[in-house]
Amino acid sequence: MNKIALYCRPGFEKECAAEITDKAGQKEIYGFARVKDNSGYVLFECYQHEDADRLIREIPFRELIFARQMLVVGELLRDLPPEDRVSPIVGMLHGVIERAGDLRVEVPDTNESKELLKFCRKFTVPLRNAMRQEKILQIRENTKRPVIHVFFIAPGCCYVGYSYSHNNSPFYMGIPRLKFPSDAPSRSTLKLEEAFHVFIPYDEWEERLASGLYAVDLGACPGGWTYQLVKRSMMVHAVDNGPMSQSLMDTGQVRHHKVDGFKFEPLVKNIYWLVCDMVEKPAKVTQLMADWLVNGWCREAIFNLKLPMKKRYEEVAHNLQKMNLQLKENGINAQIQAKHLYHDREEITVHVRRIWSAYAASRNND
């Protein structure tokens, strides 16, 4: 198996391909990307047979922006016989993987492929049983073992492979399943909720998304992102010249500042979260977020960057690199993560967590 399959949003295959090619090159692993527009996935074929496994071990999945999932796959299985689709799939895995912890039968996130989902759910049962009999799959689900993926791109045609549970997306098809809350003021609320699921480990939610934390929402109107903070019992400074949802104001947890988000400066020093979803040039938003972090006005930030029409990956990488450099120059140690979320469209979501000042003298102030 010398290929990597990466799931992505349809229409962003070129960005996903540019990113994996760049990341592989940094590891001195070479190959070429196969891209089919609007297919919802990319294949990266390595020149050396063992390099595919090395890539999915060594490239941190959390550092990939446009990939929803990353796995090693073999050659495409075509025209699976309707009377026995199981045997060819199981045969692909003999000698490749044993005692895997989970099985996911998946499809690309396209309208055409969604018709296959019903089949995938039914097919999972006999396939799982066969894999357990062959000891390819453990009897019980084990989150510490590799995950087997069977990726159907058309009826009777699939890629078979695996990912590592410590370096993949834990979600089926790489997509968190979230429901739109009926009392939220806008659908944008799902972007921030998904960001929490993707960027913050569940065992840290009680600390980092705790009741009573103070937050600032820049460009808050009508309150989709503020809603997520209020739902977690935070106190929110909502900054926007436009009107806020009355139901949010009625909670008593929101203070509305009718100010331009680029001009607002907090008067208090107890802000933990900064969130921002403003329609503005990526460089301008990135600079604003860097200023907040350098000034010590927040501990963590989640913000959206609107994507340009061309060279999206290059533009995003440039802005994040510039931000990272600015933080380091100011003695700030931070973790930066970015993801093209399921609920994002022509944008990506970035998470920055300030750890502490790199300068010991400044740490006491953090």
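Backbone N, Cα and C define each Cβ position, glycine as well.
Taken from Swiss-Prot, the feature active site, proton acceptor applies to Lys306, supported by sequence analysis. Feature annotation from Swiss-Prot assigns S-adenosyl-L-methionine binding site to Ser188, Cys221, Pro222, Gly223, Gly224, Asp240, Asp260, Asp277.
Shown on the structure are the features that Swiss-Prot records.
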| residue | record | DSSP (3 states) |
| --- | --- | --- |
| Ser188 | S-adenosyl-L-methionine binding site | coil |
| Cys221 | S-adenosyl-L-methionine binding site | coil |
| Asp240 | S-adenosyl-L-methionine binding site | coil |
| Asp260 | S-adenosyl-L-methionine binding site | coil |
| Asp277 | S-adenosyl-L-methionine binding site | coil |
| Lys306 | active site, proton acceptor | strand |
Cβ atoms near Asp277 (S-adenosyl-L-methionine binding site) (within 10 Å, other residues, all chains): 22
Cβ neighbours within the same chain of Gly223 (S-adenosyl-L-methionine binding site) - under 8 Å, at least six residues apart: Pro185, Ser186, Asp217, Ala238, Met244, Ser245, Leu248, Val254
Fewest-neighbour residue among binding-site residues, criterion Cβ within 10 Å, set Pro222, Gly224: Pro222
Cα-to-Cα gap, Pro222 (S-adenosyl-L-methionine binding site) vs the residue listed as 'active site, proton acceptor', nearest whole Å: 19
Residue with minimal Cβ packing [other Cβ atoms within 10 Å] among the binding-site residues Asp240, Asp260: Asp260
Alpha-carbon spacing, Asp260 (S-adenosyl-L-methionine binding site) to Lys306 (active site, proton acceptor), which is rounded to whole Å: 18
Surrounding CB atoms that lie within 10 Å of the CB of the residue listed as 'active site, proton acceptor', all protein chains: 16
Close binding-site residues near Lys306 (active site, proton acceptor), where close means Cα within 10 Å, chosen from Ser188, Cys221, Gly224, Asp240, Asp277: Asp277
Cβ-Cβ distance under 8 Å to Ser188 (S-adenosyl-L-methionine binding site), same chain, at least six residues away: Gly224, Trp225, Asp277
Taking residues Ser188, Cys221, Pro222, Gly223, Gly224, Asp240, Asp260, Asp277, which bind S-adenosyl-L-methionine in the record, the widest Cα spacing (Å, whole number): 20
